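K.L.:
Here it is: the structure, laid out below.
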Amino acid sequence: MSPIAEEKIMGVERHVENTAPVKVDDDTEDTFRPPSIGLAVWQKLLGVGVELRGLEPVPLDKRTDRRYINICTILAASMISLLPLGIGLAPTLAYGLSFSHAAAMIICLQFVLIIPSAYIATIAPKTGMRQMVQARYSFGKYFNGFNSLLVTLGSAGFGIIACVQGSQVLTSINPERLPIAVSITIMMLVSLFLSFMGYSVLHFFARWAWTATLFAIVVLTGTSGDKLYQQAPPRAQGAPPYMGMVALAAANMLTWVNIIGDYASYMAPEAPSILIMCYVVAGLAVPFSLLMLLGAAIGGAIPVIPAWAEAYKLGGIGGVIGHVLIERLGGFGKFILVILAFSVVTTCARDLYTVSFNVPAILPPLRVVPRIVWAIVATGAMIGVAIAASASFLESMASFLHICGYTAGTNACIYLVEWFYFRKANPASMDPAIWDDARALPSGIAAAAATFIPWALIVPSMQSAWYTGPIAKKAGDLGFEFAVVGALLVYAPVRALEIKYRGHL
């Protein structure tokens, strides 16, 4: 075998690795190796910049990315898109809130609920671990498989939501010649290329992709703005719609605690924590909230503008946007539609990237299969689900996001209690040498208890298109609140007993 060849692309590893484990300068072993079967192929892919590393922690000598703004640009590129615009319909169109109430809740809730995710992003550079690997230090190796399954489904779900929105817009250009299924397939195949290449290419693409989308959104705002003052009278009655907004905001911001570290694991360990947190807020909460406001305004106008209502009935949010731009701008409007449609590519690619190395976290024996294979498999699965979900988009989206909010609440509490109370916020307590050692890692009993026990209260308190519990019927969706309180009350005492019994973290 030829010697290891190394070169750098944008400060991130681009190298051909030997098949034997390599000792790094922090005295931990780099456990990543390309598969021995077809080794020449994997080496060629590594040589052209394809990232094959999966769950394996990034060793210290590979954590060289000092362009810390990368985490801001990859978040901004995926948030300056149709995704938050479509989600923004829910407060006014689905929950029946007035625009002013929706705006107040969007801004206040999302800028508070982003804080845990922004903080957790600062830990990845210090540990070099993907988020689901960090989770093993509280969930254990095997129960973390169940946790990873939920996170993977959530990541794929957000990618599917974005894909459906972009495809609706693309189809609105010519519905007869470009059916929604074809548009979905196009979106996912383009996204596959970016996720296939991995960390370096994703960050490079995201650095510039948002500029064209921002221009298109400014054009959309200008062409629709003179009608957005027309808002349907609020239909919301009592607490339920407002509590639903809490669950929605939690799903938007708090679910990032499950994946945020994936986009910072190659960054230098001395990355300034405050700067990383500010970049996360600037790249995630700011554009997401602003575009949700635009979506809420459009959602409030749809019921009172007959042409918009008809366009929404035929093509969802994409149909409305298509109607506005083509009616006002003609051919140039179609060009803007193409830009808006492909704005979701970064979002879908980002979620495919996370899914591709979370699959082995679900079933550890699958770790022998390279990350890029799972990216291809996930693309096929997401295409099928997206085509089915496009038929009842708004209802499916709202219900899915609520459930994501519940699970994110428990995960955030478990992670932060473990990190602050038991590990004293010390990265050294997450020894990378034991990341795959089930006996050395926690048993996962405390995390399992804190995950499942709160569901005794979540189920009667949840509200979705599929089921509404008796508590939710009277007080609104309290599933997120019970998830957080339940996890806090259960995890700490059970984990303390586990540590006392086992004699170590």
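Just so you know, glycine gets a Cβ as well, placed from its N, Cα and C.
Found this in TrEMBL, in case it helps:
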- 68-90: transmembrane segment (TRANSMEM)
- 102-124: transmembrane segment (TRANSMEM)
- 145-167: transmembrane segment (TRANSMEM)
- 179-197: transmembrane segment (TRANSMEM)
- 204-222: transmembrane segment (TRANSMEM)
- 242-264: transmembrane segment (TRANSMEM)
- 276-309: transmembrane segment (TRANSMEM)
- 329-352: transmembrane segment (TRANSMEM)
- 372-394: transmembrane segment (TRANSMEM)
- 400-420: transmembrane segment (TRANSMEM)
- 440-458: transmembrane segment (TRANSMEM)
- 478-497: transmembrane segment (TRANSMEM)
K.L.:
Looking at the stretches 68-90, 102-124, 145-167, 204-222, 478-497, which one shares the most CB pairs under 8 Å with the transmembrane segment (372-394)?
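P.N.:
Of the candidates 68-90, 102-124, 145-167, 204-222, 478-497, 145-167 scores highest.
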K.L.:
Which sequence positions outside the transmembrane segment (204-222), separated from its termini by at least 6 residues, show Cβ-Cβ distances below 8 Å to it?
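P.N.:
For the transmembrane segment (204-222), the sequence-distant neighbours (Cβ-Cβ under 8 Å, at least 6 residues beyond its ends) are 10, 70, 73-74, 76-78, 80-81, 85, 194, 291, 294, 321, 324-325, 329, 336, 339-340, 343, 345-346, 349.
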K.L.:
Could you give the residue numbers and ranges of same-chain residues that sit at least 6 residues beyond the transmembrane segment (276-309) on either side and whose C-beta is under 8 angstroms from one of its C-beta atoms?
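P.N.:
Residues 68-69, 71-76, 79-81, 84-94, 97-99, 102-103, 106-107, 110-111, 114, 117-119, 121-122, 125, 217, 220-221, 224, 227-228, 230-232, 252-253, 256, 260, 264, 267, 317, 320, 323-324, 327 contact the transmembrane segment (276-309) from elsewhere in the chain.
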K.L.:
Counting Cβ pairs under 8 Å to the transmembrane segment (179-197), which of 68-90, 145-167, 329-352, 400-420, 440-458 comes out on top?
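P.N.:
Stretch with the highest Cβ contact count: 329-352.
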K.L.:
With CB pairs under 8 Å as the measure, which of the listed stretches 68-90, 102-124, 242-264, 440-458 comes out on top against the transmembrane segment (400-420)?
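P.N.:
The stretch with the most contacts is 242-264.
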K.L.:
Tell me if the transmembrane segment (242-264) touches the transmembrane segment (68-90). I count contact as 3 or more CB pairs below 8 A, with pairs 6 or more residues apart.
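P.N.:
Contact between the transmembrane segment (68-90) and the transmembrane segment (242-264): present.
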K.L.:
Could you pull out which residues elsewhere in the chain have a CB under 8 Å from any CB of the transmembrane segment (329-352), counting only those six or more residues past its ends?
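P.N.:
Non-local partners: 74, 77-83, 155-156, 158-159, 162-163, 165-167, 169-170, 172-173, 183, 187-188, 190-195, 202, 205-206, 209-210, 212-213, 215-217, 219-220, 223, 263, 318, 321-322, 375, 378-379, 382.
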K.L.:
Which sequence positions outside the transmembrane segment (145-167), separated from its termini by at least 6 residues, show Cβ-Cβ distances below 8 Å to it?
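P.N.:
Tertiary neighbours of the transmembrane segment (145-167) are 78, 81-83, 85-87, 131-132, 135, 139, 180, 183-184, 186-188, 191, 255, 258-259, 316-318, 340-345, 347-348, 350-352, 354-355, 358-359, 361-364, 378, 381-382, 385-386, 389-390, 393, 397, 400, 404, 407-408, 411, 447-448, 451.
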